[in-house]
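Asker: Per TrEMBL, the features are:
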BINDING   Ser16, Arg58, His59, Ser91, Ala92, Thr191  phosphate binding site
BINDING   Met190, Asp214, Tyr215, Asp216  substrate binding site
DOMAIN    10-228  domain 'Nucleoside phosphorylase'
SITE      Ser171  site 'Important for substrate specificity'
SITE      Val227  site 'Important for substrate specificity'
Amino acid sequence: MGAEMTQTMIGVIGGSGLYDIDGLEDATWVSVESPWGKPSDQIMTGTLDGVRMAFLPRHGRGHVHSPSTVPYRANIDALKRLGVTDVISLSASGSFREEMAPGDFVVVDQFIDRTFAREKSFFGAGCVGHVSVAHPTCPRLGAAVAQAARTAGITVHEGGTYLAMEGPQFSTLAESRMYREVWGADVIGMTNMPEAKLAREAELCYASVAMITDYDSWHPQHGEVDVAQIIATLMGNADKGRETLRALPALLGADRAPCPHGCDRALDNAILTAPEARDAALVAKLDAVAGRVLGG
Ligand SMILES: CSC[C@H]1O[C@H](OP(=O)(O)O)[C@H](O)[C@@H]1O
Ligand SMILES: Nc1ncnc2[nH]cnc12
């Protein structure tokens with residue numbers, strides 16, 4: 001991938017409550033082998049409005065994986081291996097802002113990564129790589145998904161900072177207040193990190209939609225968050241997510257110009273390990289993620 005046109009393939013990572021999507025032509029669940037382990041589930045592939053789509057339920061059908069056990073590297077690698085160019089992440093999220101109400105969508109553009117028990121990079125000893133995540137989401141893809149959600153009649157907030165916590169417990173009241181008042185986070189969830197960082201390493205455009213389910217624990221009128229409260233909003237949000245996805249392919253189109261923000265060239269100059277010092281086994285595992293720059 002470089003300066004030339006390619007074919008769009010939209011990869012969707014569905015969060016809690018979103019385990020399938022509808023309306024795909026030739027919908028088929030396929031198994032994808034990854035050298036990074038087993039992805040969360042099979043991936044549903046198909047076409048919508050002439051655009052290729054791939055859908056992966058982040059927690060697996062039946063909600064098998066906790067936020068800490070989601071195989072983030074295998075998931076991103078499998079999507080890349082299938083030919084995905086653009087990843088939309090849809091996630092159940094709490095809100096730290098009165099105006100970002102349950103049922104609203106927030107197109108996230110920044111993250112604070114508080115996770116600590118996950119593998120966060122495809123790179124390591126024998127092939128060291130450093131990518132920039134100063135701007136961790138793709139503005140082109142984010143604008144398209146915001147437009148798609150508006151087309152579906154959803155209240156959309158463009159821009160917001162997502163606090164990624166380890167979980168699986170929700171935050172204490174003191175944490176909730178600190179994230180909101182001191183750190184300036186807008187929404188909270190448990191899964192967008194390291195997913196966003198790995199998508200950048202894999203040179204995939206990544207946009208994240210926080211589908212608001214609750215006000216976490218800070219809101220004096222709403223009390224503390226619990227799963228029952230979240231589930232009450234989750235199913236409606238999942239339907240809104242599906243409607244957003246139906247509108248998205250027509251907005252992106254099948255022919256894809258290179259990303260104007262450089263997401264698909266993130267590995268230019270990123271790998272520091274000299275070719276003769278690289279670990280052959282790791283380089284082989286990086287065939288899909290970094291084959292463009294590593295060759296082979
Ligand atoms: C069901 S509440 C907690 C759970 O839901 C979110 O998952 P996802 O981001 O995959 O929608 C949140 O991050 C937690 O993992
Ligand atoms: N309040 C919250 N905190 C963390 N993850 C969430 N997912 C949905 N709501 C959440």
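For all residues, glycine too, the Cβ spot is worked out from N, Cα and C.
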Asker: Measuring Cα to Cα, tell me the gap between Tyr215 (substrate binding site) and Arg58 (phosphate binding site) in whole angstrom.
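Answerer: Pair distance, Cα basis, whole Å: 23 Å.
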Asker: Out of Ser171, Asp214, Val227, point to the one nearest Ala92 (phosphate binding site) in space (Cα versus Cα); all of them are recorded positions in the record.
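Answerer: Out of the listed candidates, the nearest Cα belongs to Asp214.
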Asker: Rank the recorded positions Ala92, Met190, Val227 by how many other Cβ atoms lie within 10 Å of each Cβ and give me the one with the fewest.
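Answerer: Output over recorded positions Ala92, Met190, Val227: least Cβ neighbours within 10 Å is Val227.
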Asker: What recorded positions in Ser16, His59, Ala92, Thr191, Val227 place CB under 6 Å from ligand 2?
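Answerer: If the test is a Cβ under 6 Å from any atom of ligand 2, the answer is Ala92.
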Asker: Other residues with Cβ within 8 Å of the Cβ centroid of Ser16, Arg58, His59, Ser91, Ala92, Thr191 at the phosphate site?
Answerer: Gly14, Gly15, Gly17, Leu18, Pro67, Leu90, Gly189, Met190
Asker: Could you check which of these recorded positions, Arg58, His59, Ser91, Val227, sit within 10 Å of Met190 (substrate binding site), going Cα to Cα?
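Answerer: Passing the 10 Å Cα cut: Ser91.
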Asker: Look at each of the recorded positions, Ser16, Ser91, Ser171, Thr191, and point out the one with the fewest other Cβ atoms around it within 10 Å.
Answerer: Ser171
Asker: Which recorded positions from the list Ser91, Ser171, Met190, Thr191 come close to ligand 1, meaning a Cβ under 6 Å from one of its atoms?
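Answerer: Those recorded positions that pass the cut-off, since their Cβ is under 6 Å from ligand 1, are Ser91, Met190, Thr191.
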Asker: CA-CA, which of the recorded positions Ser171, Asp214, Asp216, Val227 lies nearest Ser16 (phosphate binding site)?
Answerer: Val227
Asker: Could you measure between Asp216 (substrate binding site) and Ser171 (site 'Important for substrate specificity') for me? Cα positions, answer in whole angstrom.
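Answerer: Answer for this pair: 8 Å between alpha carbons.
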Asker: CA-CA, which of the recorded positions Ser171, Asp214, Val227 lies nearest Ser91 (phosphate binding site)?
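Answerer: It is Asp214, whose Cα lies nearest.
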